[in-house]
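Per TrEMBL, domain 'CstA N-terminal' is recorded for A:72-634. Sequence annotations record features per position, and here TrEMBL assigns region 'Disordered' to A:1-29. Annotated transmembrane segment per TrEMBL: A:46-66, A:72-91, A:126-146, A:194-222, A:261-283, A:295-316, A:323-340, A:360-381, A:508-525, A:588-609, A:616-636, A:684-708 (among others), in sequence order.
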Amino acid sequence: MAGVPDQRNNGSRAEDGLATDPNLPPPAVDEARLEAEDRKWTPAKIALWAAIALLGGVAWFMLAIVRGETVNAIWFVFASVCTYLIGYRFYSKVIERYITKPDDRRATPAEYKADGKDYVRTDRNVLFGHHFAAIAGAGPLVGPVIAAQMGYLPGTIWIIVGVVLAGAVQDYLVMFFSMRRGGRSLGQMAREELGVIGGTAALIATLLIMVIIVAILALVVVNALGESPWGVFSVGMTIPIALFMGVYLRYLRPGKVMEVSVIGFVLLMAAIIGGGAVAGTEWGAAFFHLDKVTIAWGLLIYGFVAAILPVWLLLAPRDYLSTFMKIGVIVMLALAIIVVRPEVSVPAFSEFASRENGPVLSGALFPFLFVTIACGALSGFHALISSGTTPKLVEKERQTRYIGYGGMLMESFVAIMALVAAISIDRGLYFAMNAPAALTGGTAEAAATWVNSLGLSGVNITPGLLRETAANVGEQSIVSRTGGAPTLAVGLAHIMHQFVGGTAMMGFWYHFAIMFEALFILTAVDAGTRVARFMLQDSIGNFVPKFKEASWRPGAWLCTAIMVAAWGAVLLMGVTDPLGGINTLFPLFGIANQLLAAIALAVVLAIVAKRGTFKYLWIVALPLAFAAVVTITASYQKIFSPVPAVGYFANNAAFSKALADGKTEFGTAKTVAAMEAVVRNTAIQGWLSVIFVVLSIIVIVTAVLATLKAFRDRAAGTATTDNEDPFVPSRVFAPAGLVPTTAERELAAEWEKVPADARLERAGH
Amino acid sequence: MSSGIALVANGFRGFARYLGGVMGADAYAKYLEHHSAAGHQEAPLSEREFWRDRTDRQDSNPQGRCC
């Protein structure tokens, strides 16, 4: 292919011909036939791709060049889908041809390690849905909303271009290389490829990043539920519903997953509707009206209990519920946007695109837009899912392009739809909802005055509109409902009520949206705490072997408590922060997520170099360099910027000085205690940034060194060792993509003729 | 008319099957398939035992969820 001799340990490889067993049809389509199919451009095919390119071009033109009063949401759909199709058809094939070079004659872990439990060959379309459900969560629903402050275009470009060149590339490559290694995790691959120093740095960074991500996701939930009796009731009800489902599946009807999911879904809808009724009563409004600090403590206790309860009781059933909701919500979002086609009045670039003192997110467009929108464009967290779980289920090597690259394109589309939903609401409303209470003043009057004083073109909001919207969605107030989730919920309610139910249904739609975000996040909090606990137990186990025993209760509880305390501290810090929590912490979330992406790409870079693919190394180096530059610049600014709104330490110094000068209020902090809180918080956030960036630089440097070593070895003719599992001939066949090609269909038909009992090797174990 | 209903019913069944696959509802059926294909001598786990084992193994091998 690239003309580079392969020096992999492929001694047992069936080099001659395709058949790996003389009694079976070949497990792979003939390479020349594949090539011919790919290269053959019939007029119909040319016309189709020309039409896709043209439509995409027109859509981008409408979004980026035409400056009307409004832009229709449908152009976002066309611009993104056409770009994804082109990226998938052309760019991912380049990656397949020159970097991954899948070989369908090779058995995947699901075949050679098949155990019927963890390693199971799974139909590619089912696995696509499964993988997508595992990677998609609340992240793509939050980041784009916050970044909408800068206007719709910067976020749109980054989400669409970023996913094609960076996010999907990372997911695909990590999945492929993990599959070649029997489904090893990112941490294990880092250790193998980068050595002890790089591997350890990657492990510590992953653990810390996990803590930050869980904390900030929890903060999103707290912000959405604070002072919202309806939300507290309906989200709180998910716990008894999940417990009931768990008991049902364990004792009453084991294995009836679909049945219990439908029951759970019906109960969930009842909880949302019931929440409206409960919040309407006097006692309900009083009992479920909780302030943010109380909810944060509740979440902390919940997180600890949920992480030590057995999986079957809470995590597994809620996971079913969450998957069910996820698919429903995404279908609904797509329908809403395609059917209602709302007009978007947000400008392409807002007044804040060129400034660094925006009220929702502070910092300049570069680099902060690129860290604010992490999920949807490039999300390092996906590397943890793409290694480990999914690779153990893949049926054929060639399918990883569809599942890994394609799955991430799908997630990007969710981010675009979330962006559209959020920007379809009035701009004044957007700023009133997303600016911290310290700026808006917290009341409808003060917020309206403040928003109108910003001098944004076309923005003139009345306190009446703020109150009316709040009443429509069944809330007491929507001022300073930061964190992205409430804005998206208002946007979704705004679109959906035009589609089904009218104004009377807005409250339901709003709380439906809050519910699904809370459900995703609670699952992520629970699962994240568990994973982090195991990582910690494993690390401590290197010194105190007893900790390695997962079933040793005191160790498990102690490590769970440590992890919950870690994210809980960050969460409480965010909830009580006088500067407005999410606004100062969300950049840390994005930086953490992107640094994880940089770590994953660095590991992939070393692997690709060791395989001898130097000519096309740029495919990995490009997103790695971009992620590294963005996150290191963002970290640098967060650490060293002299502007207090941007730099943690500059803010720290400003507040310390004010305290030393004996001031009793400074900026948005109205008391000495608040000022001290700012000093404490900024110091912690600053040092966290320092630790993250140092660890990531260590990983990237070790990866670059490993790459250079591979290059020198190759030049010197020394054989490089790789860590792939040995070649095992495959005895199954399945098409690679969504639609099988002619050759694939013919081969599949041949396999159909083979008697079932002759197809699989009898392992006899 | 009735063929139209059958078509819709078929489509719905297909979708339900797909959704079940995505959620992992067919795990036990796949386990049985593997068990018989691999030619194990001992009897397979019962449905109840299988699901118990499945969630209990997740206790010691947690899987992350994404953000």
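Cβ from N, Cα, C; glycine included.
Taking Cβ pairs closer than 8 Å, the transmembrane segment (A:261-283) reaches residues 229-231, 233-234, 237-238, 241-242, 244-245, 248, 317, 320-321, 323-325, 328, 474, 507-508, 511-512, 515 in its own chain, all 6 or more past its ends. By the Cβ criterion (distance under 8 Å, sequence gap of 6 or more), the transmembrane segment (A:323-340) is counted as touching the transmembrane segment (A:72-91), at least 3 such pairs being found.
When Cβ-Cβ distances under 8 Å to the transmembrane segment (A:360-381) are tallied for each of A:46-66, A:295-316, A:508-525, A:588-609, A:684-708, the top count falls to A:588-609. At the 8 Å Cβ threshold, with sequence separation of at least 6, the transmembrane segment (A:126-146) lacks contact with the transmembrane segment (A:46-66), having fewer than 3 such pairs. Between the transmembrane segment (A:46-66) and the stretches A:72-91, A:194-222, A:508-525, A:684-708, Cβ pairs under 8 Å are most numerous for A:72-91. Comparison of A:508-525, A:588-609, A:684-708 by number of C-beta pairs under 8 angstroms to the transmembrane segment (A:194-222) places A:684-708 first. Summarised as a single figure, the pLDDT of the domain 'CstA N-terminal' (A:72-634) averages 93.
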